[in-house]
Amino acid sequence: MTSAAVEILGLGLGILGWVGVILACGLPMWQVSAFIDVNIVVAQTIWEGLWMSCVVQSTGQMQCKVYDSILALPPEVQAGRALTVIVALLGLVALMVTVVGAQCTNCIRTGKMKSRIVIAGGAIYILCGVLVLIPLCWFANIVISDFYDPTVPSSKKREMGAALYIGWAATALLLFGGCLICCCSCSQRDETSFPVKYSAPRRPTSNGEYDKKNYV
C-alpha cells in the first residue's frame, strides 16, 4: 500500500471519528436507568445526556427536556459540553489542514512544508481523540462508582449509555487515523529529505564546445 493510500485511509478514519464525536455529543444516552429492582417491569426509562434528559414510556412515547441552567449542571456535564464542542471544531480544522497538505491535492507544492502540514493535521486528530476521551472516562467513572455505592438509592443508579460506546469508538478512530497520517508523512519526509543529484562531467569536444549530452 502506497503512502498516499495510507494517508487517505488515515484521513477517512479521522473523518469517521469526527462524525462519531458529533453524534455522541448530540445523543442523550450518556447514562440510562439501571433496572436492578426485583420487579423488572418498569413504566419508563430515563436517558441523560450533555444537553437534555429524556423519559421514554413503555408505550414508546418519548419526552425530552433541555437543561434549564448551564451553571447548575454537574461539573462533568459542563466539561463534557466544552470538550466535545472544542473537538468538533478542531476536527474541522484538522480536516482542512490535512486536505491542504495531502499528497492527492495540489494546494501546496511537494516538499518539506507539505509534509509538515500533513503531520500537523494528524497531530490535531490525535489531540481530538485525547480531549474527547476525558469526558467519556469521567462519565464512566461516575456511573460505575454510583452503581456500586450502597448509599445511592436504586432509583438513582445509572448505567453507561450508547453515547459513551460511540464516543470510545470515535476516539479509537481519531487516534488511529491521526497516527497513520503522521507516520505516513514522516516516512515520506525521510525519503525526500536527501534527494540524489546526478551530474555529468562537462568535457569539451574536439572543436572546443561542450557535448549536448551533458545537458540531458
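Here the Cβ of each residue, glycine as well, is placed from N, Cα and C on the backbone.
A Cβ distance under 8 Å defines the sequence-distant neighbours of the transmembrane segment (7-30), meaning residues of its chain 6+ beyond its ends; these are 1, 47-54, 64, 80, 84-85, 87-88, 91-92, 94-95, 98-99, 102-104, 118, 122, 125, 128-129, 132, 139, 161-164, 166-167, 169-181, 184-185. Residues or ranges marked as transmembrane segment in TrEMBL: 7-30 (among others).
Marked as transmembrane segment by TrEMBL: 82-105 (among others).
Same-chain neighbours of the transmembrane segment (117-144): 7, 10, 14, 17-18, 21, 24, 30-31, 76, 79-80, 83-84, 86-87, 90-91, 93-95, 97-103, 108, 158-160, 164, 167-168, 170-172, 174-175, 177-182, 184-186, 189, counting only residues six or more beyond its ends whose CB sits under 8 Å from a CB of the stretch. What TrEMBL records for 117-144 (among others) is transmembrane segment.
Per TrEMBL, transmembrane segment is recorded for 164-184 (among others). Long-range contacts of the transmembrane segment (164-184) within the same chain, counting only residues at least 6 positions beyond its ends with a Cβ under 8 Å from a Cβ of the stretch, are 3, 6-7, 9-21, 23-24, 27, 30-31, 91, 94, 98, 118-119, 121-130, 132-133, 135-136, 139-140.
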